[in-house]
Every structure is written in C-alpha cells, then in structure tokens.
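K.L.:
Before anything else, here's the structure in question.
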Amino acid sequence: MKSLNFQSVVSQFFEYESTVVVRWPLPFIIIPPLLTVSIVTLTVTNFHLNVTNDTLQVFLPDDMRSLRDLKELLDMFPPKDAQRDTYSIFGSKFVYTVIEDENPEGNILSSSGIQRMARLHKFVMGLETRQGDNVAMNCLRNRDDEACTMHPIAFALEDSTPEFAIQFLLRYPNLKFGDFVVDNAMVFGGVKIEPKSHDKEGNSPIRSSKAVRMTYIFEASESTERWIDLFLTAIPRYKESNSTILWSSSKSLAKEMERNGELLIPWMPWTSLVLVVFCMFACSSFQVVKSQPFIGFFAMFNATMATIASTSLLIYLQYPFLPLVFIMPFLVVSIGTDNMFLMLKSWRMTKKSSNEEQRYIYALTESAASLFLTSLTDGLSFAIGSISDFHAVRVFCTYCAMAILFMFIFQVTFFNAVMSLCCRREVSGRHPVFCCYDTAPSNETKIMKQHSDPSFDFASIVAKYLFKILNPWPSRIGVFCIFIVYLFTAIHYAIGLPLGLDLKLLAPDDSYVSKELEAQERLFADYGGFCFALVRAENISIRDPMVRRDLMRLYHDLGGSEYSSPAEFWLEPFEKSRRGKKYSESDFSDELHTFLAKEPHLKFRNDIRFTMTGKIEAIKMMFRVRRLGKDNDAPRAEYMRRIMETSGFSGFVYDTSFLLVDQQMTTVYNVIIDVVSAILTMLSICVLMVPRPVSAMCIAFAILSVNIGVIGALAATNTRLDIISMITIVMSVGFSVDYVTHTTFHFVIQRDNRLEKCLLVMTEPILQSALSTAIGVSLLSFVHSYIVRTFVNTVFFVVGLGILHGLIFLPVLLDTIVPDSEYMVAYEPHQDEEESHYEDTYGL
C-alpha cells in the first residue's frame, strides 16, 4: 500500500504528468520553444526597459527613518541653492575634478602646481559638444545676469597670473571678508596649515595642499546631459605631469554600476560553451549505447530557454530592471544542470523491464518529485527575497524566482519529452550521436566492457571509500570534532562581518568612481559637506528670547563634537544685536523680514518655512560634517540624533550618510528575518517531503550550519553585510537545501546498510551538480567587480559546504542518531510486489 504523505501525492501527480509526456512527447517538444519565441517577439515589438535613475535608493529599503526625514526636509525646504541645499545632491547636475600632486610631500599650490590646475580648469571650460553645449551655457546661476555659480578659485585660475590671484584665497577651512564667507573646506585636500596662526573663528593660512577639487554645478537640461557625457568621454584622456587626475559626475555612479552588468555579457557565451561541453561529457559513458550527450546539451538549452522566456516576460510587463539581473542566468543555468544530473541518475538506476514505457514513466516520476523539491526550495528562497524592503533585492530575486518557475515547467514538459526520446534511443541500441545507426556491441573493446562495470565507476569508488572511512566509531568522533572546529570558526568570523554598504564597491574594481571616492576619504576627510537639522516650530514662539537661547544652545551642541561643526544658522547673526529682546508677534515678523531682505542674509530665506498666515512653521540649521569615512558615520548619526531627541524640540537631523547608517541596521534586520523565514519555509517543505521528526531536525540543523559557514566564509574574504551579500545569503539557503534534503531522503528510504546505500546513491549527483555549478560561475572569477565576486564566492562556498555536509557531516549525523524505526517507503508507480523498479547497481 502506498504511503499517504506529501511526497507520495507529488509523485503521484508527476506519474500522471510523465505518462502523458512519454506517450505524446512531440507537443511538449514543440510548445515550450514556441511559447518562448512568442514572449520574446511580444517583448521586442514593444520593448521598454524600466530602469530607475535613482542610483542610491535602489540599494536602500523603501521606508526607513532617514528617508522619511529626507522627504520631509525636501517638502519643507525645497532646494533652491545647489551649494547650500546639498541634501538633494543626488538630484543635482554636477561634475568635479580633483588634481593631486603625485609626490609624497607634494604641494599642488606651488607655482607649477597652480599652472597645472589652471590648464585643467581651462580644459573643462573649453569642452564643447557638436551642438555647442559648454559650461558657460549650462552652469547654474543664482540670477540670469550673474556669472556661473563657482568657487572663487575658478575665476582666479582664469587670470593671466593665477599664482598671484590664488594667494588671496589660501585660508582653511573658510576665508572671511567681512560678512562674505568663502568655503574652502571642499576645495583643498590634504591640507597643512600654519600653526598658531588661526583667527578667532578657527581659520588658518594654508601652508600646502596635496590636492584641489573643482566643482561645476549645472542646470538640469538635455544640454547639460550631453555636455556631461562629453566630459566623461574626454577627461580620461587628459594627462598632467606629476599629477593624478580624478573626476566624477552626477551620473557617474549609475553608469559605472551598469558596467557591472556589461562586464558579464562577454562571459555568457563562453560559460555556456564550457557548460555544454562539460554536461555532454558528464552524460557520456564508456559504453557507447549508454552515452547521453544530447541530454547534457538539451539541459543547457532548457535552462537558457527558461531564462530568456522569464526575463522577456518581466520586461514586457514593465517590471523594473537592474544591471544586477545579468548575474541571474549564470545561477539559473547552474540549477538546471544540477536537475539534469538527478534525472539521469534516476534513469540509470532503473533496471531493464519488459514494459519499457513504464520504465520511462518510473524514472521521470522519481526525478520529477526531486526536481519539484529542488525548484520549490530554490524558488521559494528567491520568492522570499522578492518581497524584501530593498528595491535591488526585490528586483533580482523576482527575476530569479520567475526563471526557476519557467525552468521547472519546461523541465517537466520539454526536457522530459527530450529525455524520453533519448532513453528510447538507448533502449533500441542506437548510436548516441548518429541516431539512425545501430551500435554493434561486438565492436566494443574489453576495456569499455570493463569500465562499464559499476565497480569502476569513479563516484561509486569515492562513495565506498567514504563509507569505509566514516563508518567506524573513531572516525565519527573525528568528524564530530572537525565539525565543532568548523562551526566555531564560522561563528567567529560571522560575528566580525563588517556592516553597511560601501559606495566604492558598487562600481567595478578599476572604476574612476571608486578611485575618486577613495581619494575623498583620504584627502578630504577632515571636512565634508553639510548636514542639516530641522526644528518644527508649530508649538514654540521664536519671538520669546528664552526659546531663541535654547535654539542657539541646540545649534552649538549639535555642532560641538568631533563629527560636526557649526556652519550656518540664521538665528546666530539675527541675535548679535537682538539678544534677549522680547517682541510682540507683529514686531518680530517685521524685524525678521527686514533682516532677511538685506545682504548677506538673503541666503537665509530658504532656511525658514512660513505658513500661509505668516507664522514660522519650521526652521533649518546647517552644520559642517567632520571626519568623513564609513567608520565615523554611525557615531555621528548616534550623537546628533541623541542631542536632538533630548533637546525638547520637535525635529530631526539629516545627513546623506545617515541613509547608509540606517541601511546598515535595516540590512541586518532584513537578513535575519529573510534567513529565518527562508529556513523555516524550507524546513516546512522538507518536513512535508520527509515527514520524520529526527530526520527533519537533522535537515534543519544542516541548513543552518551551511548558512553559518557561508556567512563566516564571506566575512573571512572581507565581504561586507550589505544588500549584495544579503541576496547571496538568501540564495544560499535555497541552494543548501538541495544537498541536505536529497541525502536525508535517500537515507530514510533504506532499510539496511543505510549509510553505504545513501552514499552510493548520492555521491555521483552531488559531485556532478557541484562541479557543474562551480564551472557555471568559475569564469566569472575573472570579472573585476565586488558585486560579481561576492556572487562567485557565495556559490563556491555553498558548493564546498554543501558537499561537506551532504557527503560527510549529515550522513554521519543521520546514521548516528536516526533510529532504524524511522523509515519511509518511497513512492513507486504501479509497484509490483515481486519486482522492484530499482536496479541493484552496486550489489547491495
């Protein structure tokens, strides 16, 4: 009597499905390719790639504290001054160049260095597109009749004697002329100042500077986009003696991130070719008639067809697309070849029968149930990622989940039909390549006959040696000790996994963006851009001198740490002559508007938000970021937010780096939630397929162990816990299930010699699938990209740890703690009590 469990229900369904495919294979061979061609045709005729231009936000969760603060800041204080309102820098159009003196103690402010600076500036100003677009036409101006909004050093460099003109600007971090302030902190890098020569506000003469950064800000227009494209094409060819030229622009990070995908495209045909050759070779045998090279070829064809169909469908449905998706085909093709090896193993384990059609059905039914488990676990792991809070994770996992769905559908239809024809060819004794010709057994050499014996099969030899090594109790104790050392080492490294997204790693290794970001941290770390505090003023009266005093105290507290310093706050100059003065509501309004109407206070008009009735709704404070670098971002956010929360005022502090800080915490939370959800989901599926308590516990423990090992290995290779590794960790959950569940299933269905039989059955498909997966991504190790490298490392770690658990740790654990009474009857279609469909391949 057939056991009533989920595995038997699934197997029974696929028995009926396989029966239809085996009896009428032609429609199943024709329909899937026609469906793929139809989807591709629809997509090509209405092609539109839904690519987001929001470079940073695709790597951020949809809703987090700093994003909410940014939206409120933009709503309350829409950016009007590109230099002061830098919270919207990702929406501005800009380019900048950095010229660094190459000498270790070099000074770019020497006479020759200033000449090099002047030539670079004139080169940028002289760039002009065929349409006549140049800097002068597109630069940002405060008013139409004014010059371009640029740092005074730019105008000094246009002088006939720039060495002389620049000398008047050399103070750091600011140069003050009465009420006029020149911000030099973002211009001069690697600065050495004259000691004991600073003024009362902390500004000192510059003795030397290693580098100078020139920023050019533009109006948003098509003309500007064309000019920036020209700049990015021309600037790499610009050279200066004894100088390093670095550059970036508002579109550079997005363009360089896209290049990660472009770097993968040339490797796709080579990877496909290598995998085709490997699969065809792995499916071949010393016995000509048993060789199945076409099964290896069509496994690759099936996976490629599924990838094309799924990607085309999502693009046709206008689903978002990211360059990250180019990694997906390598993963899907690897999964497809793994499934093929399971199917071929199932066929070769069935014995010859008088009813050959029933033999096909049995082999395909047994493999289809295994494929269902593999595809379900892999697909669900990506499906969990497809509902992530992170846009990039959501997009990538959706493409992967859809590809796995298509591949499974094509596998149990198209590939099953192809395989049934290949198996018919084998049974009829025809040649594996030239199917019209019969093979002559008498022509086979003695060597081929000798190698056709299972005892000469490499995988069975490995399995038998593994059994001899693992079976004695001293060996099991040794395996247990090795496992404890492995687990302790993995946890040790996993705890030290660095957190957070590093923007330098989003671009390829040789990217000019990565070099420029590294130079920012190295040369311009002392002073960064502005950060902002917003104070809501609905429930306070700023005409009250005590409130103004508390606001000034808050301003100095927020800017009084090593992580930030005061920059600009309209209340500071306002209070100079009005400290302690109490106003009536109308008098205060008149006084404030008079103050804002005169230079140099006109700039503060965008720092106060008025209601329709003229009352102050919110005010803005500006601070200078100090000590740039990812190690200081979290302490800065913690300090400034704590000061704001304990101030008694309603409001928040915002800096662009806070996006990355919040992303770190959200990433950790999401990784934990996604991994736990994936493991619980995988365990639920495994319990349905293997409904035995101790065995299910072993599966759960093995899955958790593999993933701890993967995280520890990623940490040991200096991989950060960011959304890239988050995708790969979620992916590893699904991949790890493939190894441990099949091993457990084939263990519990054995009545005696369980360890030996399990190893003999599983060694070959595990080694073949691991090798095909490794080959599928191995060529990508030559791609110089952190994103690609993280995927490659993860796949190799999953494969290595999967083999370790699937063939050593888990079989020993199962044979040690699973009682003999915990047995499961495998489903067999039309099982005959007098005849087993399995061939006793190994004489057990």
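Every residue gets a Cβ built from N, Cα and C, even glycine.
Automatic prediction, not curation, is the source of TrEMBL annotations.
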K.L.:
Need the matching range: TrEMBL marks transmembrane segment on one of 21-47, 723-749, and I'd like to know which.
P.N.:
723-749
K.L.:
Taking the transmembrane segment (477-495) as the reference, which of 264-283, 697-717, 723-749 gives the largest number of Cβ pairs under 8 angstroms?
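P.N.:
Between the candidates 264-283, 697-717, 723-749, the best contact partner of the transmembrane segment (477-495) is 697-717.
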K.L.:
By Cβ distance under 8 Å, which residues at least 6 away from the ends of the transmembrane segment (723-749) in the same chain are close to it?
P.N.:
7, 59, 331, 338, 342, 370, 373-374, 377-382, 384-385, 388, 390, 392-393, 396-397, 400, 501, 505, 663, 667, 670-671, 674-675, 678-679, 682, 685-686, 689-690, 692, 695, 698-699, 702-703, 706-707, 710-711, 714, 755, 757-758, 761-762, 765-766, 769, 786-787, 790-791, 794-795, 797-798, 801-803, 805-807, 810-811, 814-815, 818, 822-826
K.L.:
Please work out whether the transmembrane segment (321-342) lies in contact with the transmembrane segment (770-788), by counting C-beta pairs under 8 angstroms that are 6 or more apart in sequence and asking whether there are at least 3.
P.N.:
yes
K.L.:
What does the DSSP secondary structure composition of the domain 'SSD' (273-421) look like, as residue counts for helix, strand and coil?
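P.N.:
Per DSSP, the residues of the domain 'SSD' (273-421) fall into 125 helix, 3 strand, 21 coil.
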K.L.:
Could you name the stretch, out of 264-283, 295-315, 697-717, 770-788, with the greatest number of CB pairs under 8 A to the transmembrane segment (794-814)?
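P.N.:
Stretch with maximum Cβ contacts: 697-717.
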